[in-house]
Amino acid sequence: MATTITLTGAGGQIGYALLFRIAAGDMLGPDEHVRLRLLEIPQGLKAAEGAALELQDAAFELLDDVEVTDDAAVGFDGANLALLVGARPRGPGMERGDLLAANGGIFAPQGRAIAAHAASDVRVSVVGNPANTNALIAAAAADGVPAEQFSALTRLDENRARAQLAAALDAPVADIRGVTIWGNHSATQYPDISHATVAGRPAADALAERVGDVDAWLDSEFIPRVAKRGAEIIEVRGSSSVASAASATIDHVRDWVQGAEWTSAAVVSRGEYGVPEGLVSSFPVRSAGGRWQIIEGLEIDERSRTRIDASVAELIDEREAVRTLGLL
Ligand code: NAX
């Protein structure tokens, strides 16, 4: 049996980087065969078809089949995993309401198509921005598919945070555990190291030896660096993050399917940590048996509380805007 994977935005930049990692077995392991469904809009079909030709040329032994389509019913047919990468970017002069409306026009129909055509065990990972609220819209439209089967990507933020912390401590990234991204995948996100460890030792203690005032370093260096890393990449590279975003998507899905002790993902809140029920917000999560579980019972200090609340407030605003548009 092969896993059927639907990728939207397959003709785009992240899609191009993702496809070859998936087909190489980086996401589901070296023994799992995959069937790819590349879903695009008509303007993106040629690029997706070209990627499909190159996939053939790579002769991946795990890749059983590739289909390119602009029909969501075909694209999501039998999908076990759906990676929703295609989205409408913010254009010049576009207000947030316009952006949410444009993406509602993509993610609500895709949610409906997933409910109608995907496998009952489908797991949906939303990458296209605004990712949290796009996941909320898709989950709301996917009648009959449990909301737990939807999550949005904050793994790129977490990976950036772990890497920055490792650099500051001059430690291998593998030694860093317990970093959390809270809230929205946006500039309000809160990269939290209060429960992080480096080689088993509290990261804050190790940091104090290097930077002195840890809170000042977090506020002036670490948090802004992580939250604005996307803009830094655009400035230096002249284009947005692509391979690192694809790599984080691989990490996110792999951990969801294969299990993880501690990572971050935007999942539907049941009221944990005071995050209003129903919001798709990033939390510390573990994964077992193919399900995310929010890691509960962590102590949240006042500094963290303020930052979590600020990001959650933005998610509440986005949900209100989406409700006004009649998308929920
Ligand atoms: P590109 O513009 O290169 O590709 C997007 C592709 O999606 C295009 O080929 C377009 O034709 C297609 N598309 C648009 N509407 C579609 C629809 N209704 N159905 C199927 N396909 C559709 O963007 P790229 O650089 O690949 O980025 C994709 C998305 O990822 C963007 O929304 C971007 O903001 C978001 N990101 C999210 C990240 C995260 O951590 N959550 C990080 C990276 C990235 O910024």
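Including glycine, each Cβ sits where the backbone N, Cα and C put it.
Automatic prediction, not curation, is the source of TrEMBL annotations.
Summarising the annotation, TrEMBL assigns domain 'Lactate/malate dehydrogenase N-terminal' to 5-144.
The NAD(+) binding site annotation in TrEMBL covers Gly9, Ala10, Gly11, Gly12, Gln13, Ile14, Gly15, Asn103, Gln110, Val127, Gly128, Asn129. Secondary structure at Gly9 (NAD(+) binding site), taken from DSSP and collapsed to helix, strand or coil, is coil.
Following the DSSP three-state reduction, the secondary structure of Asn129 (substrate binding site) is coil. The feature substrate binding site is assigned by TrEMBL to Arg90, Arg96, Asn129, Arg160.
If you look up TrEMBL, you'll see 154-321 marked as domain 'Lactate/malate dehydrogenase C-terminal'.
Annotation source TrEMBL lists active site, proton acceptor at His185. According to DSSP, His185 (active site, proton acceptor) is assigned to coil rather than to any helix or strand. Taking Cβ-Cβ distances under 8 Å and a sequence gap of 6 or more within the same chain, the neighbours of His185 (active site, proton acceptor) are Asn129, Pro130, Ala131, Asn132, Ala152, Leu153, Thr154, Asp157, Ala266, Ser282.
Gln13 (NAD(+) binding site) has a Cβ environment of 17 other Cβ atoms inside 10 Å.
Working note on the binding-site residues Arg90, Arg96, Arg160: by count of other C-beta atoms within 10 Å of each C-beta, Arg160 ranks first. Residues from the binding-site residues list (Gly9, Gly11, Arg96, Asn129) with a C-beta closer than 6 Å to any atom of ligand 1: Gly9, Gly11, Asn129.
When the Cα positions of Gly9, Ala10, Gly11, Gly12, Gln13, Ile14, Gly15, Asn103, Gln110, Val127, Gly128, Asn129 are compared pair by pair, the longest gap among these NAD(+)-binding residues is 20 Å. In the predicted model, the domain 'Lactate/malate dehydrogenase N-terminal' (5-144) has a mean pLDDT of 97. Measuring Cα to Cα from Gln13 (NAD(+) binding site), none of the binding-site residues Arg90, Arg96, Arg160 fall within 10 Å.
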